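Among the features that Swiss-Prot reports, GTP binding site is placed at 15-23, 33-40, 63-67, 121-124, 151-153, with the record citing similarity to another entry. Feature annotation from Swiss-Prot assigns region 'Disordered' to 174-205. According to Swiss-Prot, the feature compositional bias 'Polar residues' maps to 174-186, 194-205. Residues annotated as S-geranylgeranyl cysteine in Swiss-Prot: Cys202, Cys203.
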Amino acid sequence: MSNEYDYLFKLLLIGDSSVGKSCLLLRFADDAYIDSYISTIGVDFKIRTIEQDGKTIKLQIWDTAGQERFRTITSSYYRGAHGIIIVYDCTEMESFNNVKQWLSEIDRYANESVCKLLIGNKNDMVESKVVSTETGRALADELGIPFLETSAKDSINVEQAFLTIAGEIKKKMGSQTNANKTSGPGTVQMKGQPIQQNNGGCCGQ
């Protein structure tokens, strides 16, 4: 993989266990789907490079790999994140009700300027759907963040989800860069946050 890129964005996938975070990551990074995806305890991440507006963006996407079941997600997971995707299961109301709890975690640990995206996954399971599109969108509107419904299984809106949050981060960084030009040196850009390339603790597949 080439090391040539204009931006390096750290993205997080958070949400209740079994909402399909690992499946979304696998679909976007490898264009694959495993129905019985089993996460090991740890933190897994995958990398994919995309092109957007003539810029090369390297996305480093982190998955909690089962830690959310034990509430062991720590501040180190959120540190340096540019974007966070909050995922719920369209067929599981409890996972939707817990979204605000995850948002409070973000507020507690993440950078206040972090970009957020709300995703309702498993949208292909129409007959089992209990969280309507309107309900999901209403919450996203209340929070002032983008919203998409996805299906990792049928590859619906998965690509669009990651492109959307990458675009939001790039747009925010552009506005910060302009602010830096007017305010002079000494301001800190999101791009300046170091990201450790640590391949340890990858979840087994």
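The backbone N, Cα and C atoms fix where each Cβ goes, glycine too.
A quick note: this is a predicted structure, and the numbers were derived from the prediction, not measured.
Other Cβ atoms within 10 Å of the Cβ of Lys153 (GTP binding site), summed over all protein chains shown, number 18.
Mapped onto three states, the DSSP output places Gly15 (GTP binding site) in coil. Secondary structure at Asn123 (GTP binding site), as computed by DSSP, is coil.
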